[in-house]
Amino acid sequence: MVKLVFLGPPGAGKGTQASLIADFYKVPHISTGDILRSNVAERSPLGIKAKDYMDKGDLVPDQLILDMVKERLENPNAQNGWILDGFPRTVTQAEEFFKKYESEGEEAKSSSSFHVINLQVPDDVLVARLLSRKREDDQEETIRNRLQVYYQQTQPLIEFYQAREQLIIIDGNNPIETVTNAIKQEVDKIT
């Protein structure tokens, strides 16, 4: 059963790889941004609560995001595995997710019930990739600042997963197919 969390800095190819791996293993690629948008659009009870925060310009609280993720993972199409993209983003979110996930049943009690794919790519490559998108907000200084913020927020999260022996590091500085194959090899070792 494939249960993965994808980590990586902006431009590392998380979304691309998560989607390819999800298609290959026939499990849903679950993006927290998509979950949030669909809950708001469907006016679900969780979506209504989230919209209240969003309308005020506030961040949606971790607990609400956790509840949405938990609900999404209970969906029948996620029963045989899933790939989370963009969540958890912080140690607090990871700890809460871990607690919720572990409380869901005996199978989930072991820390190895899901793994974390961390795509590593050198900063200069990330900057070049992001600049090539030619988006208005993708200026080199802005990109480098975003990378610094990402590393500051994510390093404790990486250590959290390392301590639980859940972390799988993948060299993302390769062609898409090479990275996909490296992930598949690692996933095949753990499933």
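Every residue, even glycine, has its Cβ placed from backbone N, Cα and C.
As annotated in Swiss-Prot, region 'NMP' covers the listed stretch 31-60 rather than the other ranges in 31-60, 91-120. The two recorded residues, R135 (AMP binding site) and G11 (ATP binding site), show a Cα separation of 13 Å. Shown for the region 'NMP' (31-60): DSSP residue counts in helix, strand and coil, namely 22 helix, 1 strand, 7 coil. T32 (AMP binding site) sits 16 Å from G13 (ATP binding site), taking the Cα positions as reference. Secondary structure at G11 (ATP binding site), taken from DSSP and collapsed to helix, strand or coil, is coil. Annotation for G13 (ATP binding site): same-chain Cβ neighbours under 8 Å, separated by at least 6 residues, are L119, V121, G172, I176, V179. In the region 'LID' (132-138), the DSSP tally of helix, strand and coil residues is 1 helix, 0 strand, 6 coil.
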